[in-house]
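As structure tokens, the structure follows; a few thoughts come after it.
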């Protein structure tokens, strides 16, 4: 899936730009997907690359969407983040190099990980719209 990063960045709203391009964080419990339960795919708002599925989403009570794992580990980069007087692991999209959020080791099993991701860094594609939106190759992820 080809994309024009410069054009896509111009189309972002203020919060999406702040989060993805300036490593910002949106307010907890006041974002689009923190309590979203619909079945589907969460893709990078900039590149459109599939990052997470609803199957790996869980309620971590932190106010941001949380996932146990990405669809493909190769699509996310992890970097040391020492901002704000903390030591954390930042999660960035590999293709667009956009800030997504952070990963912590306090998630449920078997991974034990919690990918705490800003809604502003994501676009949701409902399962029944995957083919229509060009994500037919991801339908197998939802087969039981």
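Each Cβ is built from the backbone N, Cα and C atoms, and glycine gets one as well.
DSSP classifies residue 116 (active site, nucleophile) as strand under the three-state reduction. Annotation comment: Swiss-Prot describes 116 as active site, nucleophile.
Taken as a whole, the domain 'MsrB' (5-127) shows an average pLDDT of 96 in this prediction. Sequence annotations record features per position, and here Swiss-Prot assigns domain 'MsrB' to 5-127 based on sequence analysis.
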